[in-house]
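Per TrEMBL, the features are as follows:
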REGION    1-22  region 'Disordered'
REGION    54-77  region 'Disordered'
DOMAIN    139-247  domain 'Plastocyanin-like'
BINDING   183, 188, 223, 224, 232, 361  Cu cation binding site
DOMAIN    276-377  domain 'Plastocyanin-like'
């Protein structure tokens, strides 16, 4: 694919001395790195020395952790990390792979409505426990018609599975790393430090179990938190995480949309933008809706390299619930803009039949794959 050109006024200026190139994107990224990374460096200085292994090595808490040397810890994934030593047997891997393989969505359309509720049991105190299996693996995926990309995935797809629970449920996520690099899973939510998916890095062939209570309710996300962070996110290690409120939301047609991009020529900028993993997919396969039927979209932005992404729907407005953590507080609009890691819930219903476009309201993103159609059928509704 031909690389998009950039306006010199927007990105670069040659007003400096000969050989000097001023790039606004690189400058901004450098400032962000100095601000955020500076804090990380300070934290890293404190964490660089060998630490005593945390006492969470029992069943359900990840197993053996190494703290042998600062060099090994840094190599494992930055942040002053530990390298998890528990390995997975061939028999266990085969059983867990067989468990998750049938759940893999086969297309962006299936991602819309595929929810992994886990394996459910009732604990002695009455709490509902949900167990999930997440396998990191390298996979070649199609990101646009005829374009393949060497991704890093959870359970074989980008985005990974949409995990779903109810606030107060006890969650156990069994993570197995079959990829070629060290990985973790960091969940946005509330949990103990040793369940945060940052310090306990899982090497290739290793495993770890995350265990915490699902809270607060809302639309959240998960992603790998191994350094270099932008590489692990850009390669595809992320997905949506829905925590339902104790009292269910009103009935609606529920859809998950994860916004992302792909840097296919490895230049630090995206050549394709998508919702649910494949550029222009919903242009060729419009999403079917019915007039008057309520629609609820769980929208997550996991686009790397760009500060913002957005979604605009045509010919209708929606209720916008930012993060979905409040039931009665919303605004009414037809466009929402999100930075990386931000998410929201959109609720609307179409009054009229027809084919209505939705897309990023950055024209460049739309032209590079982030657009689609709703195909609305039925009589006009009041």
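Every residue gets a Cβ built from N, Cα and C, even glycine.
Caution: TrEMBL annotation is automatic and unverified by curators.
It should be emphasised that the depicted structure is a prediction, and the values quoted were computed from it without experimental measurement.
Residue environment of residue 183 (Cu cation binding site) contains 28 other Cβ atoms, counted within 10 Å of its Cβ in all protein chains. Helix first, then strand, then coil: DSSP counts for the domain 'Plastocyanin-like' (276-377) stand at 9 helix, 49 strand, 44 coil.
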